[in-house]
């Protein structure tokens, strides 16, 4: 190729040569290196490319980066290529991390019209010591075994220093100079640093278990920076000790063969000073320990306590040898061995055995008390070395028997046994504790426990019995076994309320649901039988007929009663609620209680104006113009539905205009004039505010405006509205000085009626008491008059029924008898205190009249006396009129322990013979209904002068005259005191034997059945005193058997013949 062709036109060759040279010059490049420190301030000049490259800078020269670069780190000025630190500054750790060198490289192009140049720039960022070392944690725990050898290295966490080079981490050390450790800092092949804790000497945990050290890390800056951390070194235990027995290698122990199970033989407390599993010792039997010994003895693996696990028997084996091994639980466990020799000591251990098998209930589940008791094994008596009379107490067994079980019901089976033979094996058994159970022999060595009486759980719920089994050895051994019998409950008791009636008060307007009261009932039964529930017994309340359950409710579980509605006293004042308490048994038992809920009144009603009726809350009253002062104008009537103080009304007139001309009675409501209206023109109106208030707290009021209109003329002051004229006074009438009128209501009327009834009852009681007292005085006065008179036959006595006797109250009374006194025994002198005692009070009672007497009732007076018997004297009597015969004397009959006085007329009705009906005594078979048998057989012998009898009386029988008392002459020795007064209600006792009475008695048998009316008199002797009882004729009845009847004999009077008392000399009591 020719040059021309190659280079083109010859004229273009110089231009092409210039361009080639320029390109070659531009292709030349240069590397410029700068260095700066991190953390220099933004704008710091690093270098100028134009100066460092010795370039001529013209106006068109420009420096630019070849590619985009982070201008926040470095900036290049276009004019001369000056390099400065950017606004973000330079942070070597952020730009290069832990790299040994940190270089920022970039290309800068310098071009102008003359030349083009590429400059490679490298800026090295140098490190400064702006970071201190830092430990990852403030507390660094380290563990090292006490068996670790010297030189053991334990890795530690290396502190972190973000600086590099000399400013980075240079050393880590311990602050304590004298320590069994040191810290070594090493640099690995990859440049990373590591720290190790090096053990300088052997450790012993038993002497020191831990170390507390301080780590110090330091860099190489100027000045250097450092950091600290706490290093905790815990020494781990090593199994370097073996267990040790305090007893040594061989231990001997002696054990009685009757020792109970669980007895401690030996405490093998082997100790190991190591910690944790290394010092945790486990005890086991050695391989040479026989299996039988393993069953009889128990070795606690944790505590090493050797106890008795079974019953040993000296007769079977007397020595046991046990190998016990103690081993810790550390790695490479260490062991120790001890030989234990157990020697058995012989005792008399064969006591009787007792086995109790309770009777299981039919179909009882396995978990029931019946089945549990029946499944009890035979618990034999433990061997006991005891003297005669001693025994062994056993664990008891419990049986359950229903309380309704019949007598002779089977409760349990008791079996006894004894391992001994001969007399030592013969066992006797007994049951103690209660008579409701007994033992019944069943077969050899077995007994039945049966009930001996009916049971009641509420009285005795549990019986603690004792079974005693004793053998016949010498000395005998016995076994004592407690035995408990629990009585099962049956529903045989109904719930019982604490009281039959509960009284509750509640104020009216109570909120619904308010609590009223709580009723409580108790049921002594158990379980569901004693679980009480409550309910209301339905009943109708009031006239409305509503159910009581709409008023109150009762909590079935607690018995709390709550109100279901708000009560109103004006409609319901008392609510009677019956609550029924029922148990949960079958059949169910229940009982009722009455709860009386009283509703208390509250002031809940305002007064209501009744008359005159208001119109739109106002009243108008016409007042005559000629009315003067104190003239009644009107009467206001109001009512209040409340009661008591809440219903008491008060009236007031307020705000009278134009002047106060009227006043109203505060309690009467009567309006009167207080001034003169004669000068007022007709049509003049006076206005006032009527205020009606009740007495409640707070009071309720009602107001009305009253207009008083003055009218012409003198008409009646009548309110303009319609009203009853009777409520107003006539015009011109004056007010009388009377108090407020009473307001009668039902409670007040009831109170007045009750007060009047009580007054009448009290007056009747006083009248009766006064009458009885007057009769007592009359009786005492009559007795005194009789003693003042010379005798029964003396004159001067007023006739019976005379006016003076009637006035004194001593007139004749039908079927009434005077007191008969008999000679005393003379044991008490006539001046003794007992003889001078005053007579007691006398009581009177009404008794029905006797047959043949008057139709009116008779008075049977009650007398009691404490006077001694003064002498033999007989006092007259008065018989009932109308018989047409001479009054018959009374008959005194001795019944062996007391005297009986029988009227002569009534004695005819007695019979000493059998009635023929088979109710008599021996030798009393013949009947007698004539009434003379008693007269013939009552007295066998009488002294002449006392009885008017002759010799013919022994053959023909006694006449009526024989029965008359001797009253021939006056009593020359009257007693100084009133005669003894008799009691109608005292018991008869024996009298002293009469010294004048002979010892001949007549056997008179009186019939048991008395079908007659008579008056009989009992004589009561109390310390040789006598009391005679006067009674009205008895009603037909059964009399007890009579004792021997003795008749006292008295000397005849001087006349030698019995003289009947005159009619005019009789006195009545």
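Cβ atoms are placed via backbone N, Cα and C, with glycine included.
As annotated by Swiss-Prot, domain 'Cadherin 2' applies to 136-245.
What Swiss-Prot records for 393-497 is domain 'Cadherin 4', and it gives sequence analysis as the kind of evidence. Computed over the domain 'Cadherin 4' (393-497), the whole-number mean pLDDT of the model equals 88.
Look at residue 616 (N-linked glycosylation site): DSSP puts it in coil. Around the Cβ of residue 616 (N-linked glycosylation site), the same chain contributes no residue under 8 angstroms that is 6 or more positions distant in sequence. Feature annotation from Swiss-Prot assigns N-linked glycosylation site to 616.
Positions annotated as region 'Disordered' by Swiss-Prot: 719-738 (among others).
The feature topological domain 'Cytoplasmic' is assigned by Swiss-Prot to 769-1069, with sequence analysis given as support.
The region 'Disordered' annotation in Swiss-Prot covers 777-859 (among others).
Residues annotated as compositional bias 'Basic and acidic residues' in Swiss-Prot: 780-790 (among others).
Positions annotated as region 'Disordered' by Swiss-Prot: 905-927 (among others).
The annotation compositional bias 'Basic and acidic residues' is assigned in Swiss-Prot to 905-920 (among others).
Annotated region 'Disordered' per Swiss-Prot: 1031-1069 (among others), in sequence order.
Annotation comment: Swiss-Prot describes 1052 as phosphoserine, evidence class a large-scale study or a structure entry.
Break the domain 'Cadherin 2' (136-245) down by DSSP state and the numbers are 3 helix, 54 strand, 53 coil. For the domain 'Cadherin 4' (393-497), residue counts in helix, strand and coil come to 4 helix, 57 strand, 44 coil, using DSSP.
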